[in-house]
Amino acid sequence: MATSSGSCLIISLLVVVVAAALSASTASAQLSSTFYDTSCPSAMSTISSGVNSAVAQQARVGASLLRLHFHDCFIQGCDASILLNDTSGEQTQPPNLTLNPRAFDVVNSIKAQVEAACPGVVSCADILAVAARDGVVALGGPSWTVLLGRRDSTGSFPSQTSDLPPPTSSLQALLAAYSKKNLDATDMVALSGAHTIGQAQCSSFNGHIYNDTNINAAFATSLKANCPMSGGSSLAPLDTMTPTVFGNDYYKNLLSQKGLLHSDQELFNNGSTDSTVSNFASSSAAFTSAFTAAMVKMGNLGPLTGTSGQIRLTCWKLNSS
């Protein structure tokens, strides 16, 4: 009897897993790069213009938009839940406290412009996905086809911010966090290459520069000048070579033990991803190809489609019922 019950339980669990996978696959299949071609033909150019203007004023915004999209997708899927100004929501959780406020402002501003042209048509989730792509392009990086048709969540998911891997993560923890989202080791290393642009706060890397041994000594010393052992909010570039230009220098830094975050250097620390880092460091084309493919995969995580969710009229709050 115990064996029979166990078999039934296993079968039931398999049915649930398969059903969930099919549901996610079906939702992704409903996305299309031409989704707004008829309903809001000016949407893509409006987003691009808004991002280019913002990046021209502050280059860091390009990286901030990319990070915002990543944080959105890793929490319950790419549904703009991260944009909600809920006093107890995702924005209040530790992993999101260092998100650049300017990125939220840019998305909200673009949304207002899109709403003026096409009321109630383009979702905040899609605007953020496209803005992340355009931010990379504005900093000299590659473009990729963003599939569209996501809808916006009707709630925030603060408890699921634990899905975001912290900067203190080991390689094993990183691989597990990405695997949970059906992203493999190559995807993980490629998406980490987003750190070729942007900055991090001292509190995110103080442990690495004071406690770790797998860091270039001179590099660590230079960082300590503006980052005390106790931490703080002072900023340092994630890529010391070309901090405002998207490229593969991030991986070259890792080969020299100049990864800013503990989790960065874990990618090249006598582990299973060393060869991938070396490949990306030596071939910009290999990195670009892997990065764009991984961005498409990440952008398709758990989208709300059809009649699920809503098209928010303002990104930071839910529509009035």
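Glycine is no exception: its Cβ is also placed from the backbone N, Cα and C atoms.
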Whichever of CYS78, CYS118, CYS124 is disulfide-bonded to CYS40 when Swiss-Prot is consulted: CYS118
Candidate sharing the Ca(2+) 2 site with ASP239, THR242, GLY247 (per Swiss-Prot), from THR196, THR288, THR292: THR196
Cα within 10 Å of GLY77 (Ca(2+) 1 binding site) - qualifying recorded positions among ASN96, PRO165, HIS195, THR196, ASP239, GLY247: none
CB contacts for THR242 (Ca(2+) 2 binding site) [other CB atoms within 10 A, all chains]: 18
HIS71 (active site, proton acceptor) to ASN270 (N-linked glycosylation site) - Cα separation in whole Å: 28
C-alpha spacing of SER81 (Ca(2+) 1 binding site) relative to PRO165 (substrate binding site), in angstrom: 18
Candidates GLN30, ASP72, SER81, HIS195, ASN270 (recorded positions) - the one closest to THR242 (Ca(2+) 2 binding site) by CA: HIS195
